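Chemist: Dropping the structure in here first, questions after.
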Amino acid sequence: MLTIGVLGLQGAVREHIRSIEACGAAGKVIKWPEELKEIDGLILPGGESTTMRRLIDTYQFMKPLQEFAASGKPVFGTCAGLIILAKNIAGTNDAHLGVLDVTVERNSFGRQVDSFEADLTVKGLEGPFTGVFIRAPHILEAGADVEVLSEHNGRIVAAKQGNLLGCSFHPELTDDHRMTKLFVEMVEKHKREAVV
């Protein structure tokens with residue numbers, strides 16, 4: 001059985017575990033860097049990116065997370081997790097993991113009072129997907145190797161590059177598990193190809 005980890009430092013960790021399990025994989029909360037060896041794929045959940053970065057540094061996760069992504073194992077960043085994955089963050093020179101070739105803008109849809117839901121067309125999913133946006137970032141620019149999966153009002157809100165997946169919204173906060181399933185399928189494919 002596939003095991004997908006959720007970085008358990010902050011954010012909607014339980015909700016991601018529930019969604020992973022609904023897709024038929026095992027979910028594991030990752031609290032320590034050495035636990036990354038036990039998983040086939042990793043979700044970086046939403047939360048607050050500055051706080052998450054501080055916790056990543058405190059618990060010495062930065063290098064192990066970069067090595068995990070460099071190994072080719074799939075990583076999915078949602079909301080703040082997208083910011084953590086991004087190569088560039090608008091208005092600052094301080095990227096985090098810097099592995100997904102995008103430039104993101106934080107809180108680009110407004111403050112928490114401006115949180116909203118929107119029906120999205122997501123490449124690879126049949127029918128609309130309800131995106132829950134909470135102080136969400138969006139992708140300002142995507143590199144040549146980045147596939148745009150979804151836009152909302154002309155703003156990129158989901159993208160994929162190799163085994164990296166990122167979205168501005170919180171797919172774990174709905175009962176529609178198709179975004180998580182998309183990631184589970186990426187992990188399955190990677191694990192299959194790694195064995196060959």
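Along the chain as shown, residues are numbered 1 onward.
Glycine is no exception: its Cβ is also placed from the backbone N, Cα and C atoms.
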Chemist: Let me know which member of ARG106, ARG155 Swiss-Prot also records as binding L-glutamine at the site of GLY47, GLU48, SER49, ILE134, ARG135.
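Modeler: For L-glutamine, Swiss-Prot names GLY47, GLU48, SER49, ILE134, ARG135; of ARG106, ARG155, the listed one is ARG106.
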Chemist: Which whole number of Å gives the largest C-alpha distance between any two of GLY47, GLU48, SER49, ARG106, ILE134, ARG135, the residues noted as binding L-glutamine?
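Modeler: Between the most distant Cα atoms of the L-glutamine site, 13 Å.
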Chemist: Of the active-site residues listed here (CYS79, HIS170, GLU172), which is spatially closest to ARG135 (L-glutamine binding site) when Cα positions are compared?
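Modeler: Nearest listed residue in space: CYS79.
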Chemist: Going by Cα-Cα distance, which of the active-site residues (CYS79, HIS170, GLU172) sits nearest to GLY47 (L-glutamine binding site)?
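Modeler: Looking at Cα distances from GLY47 (L-glutamine binding site), the smallest one goes to CYS79.
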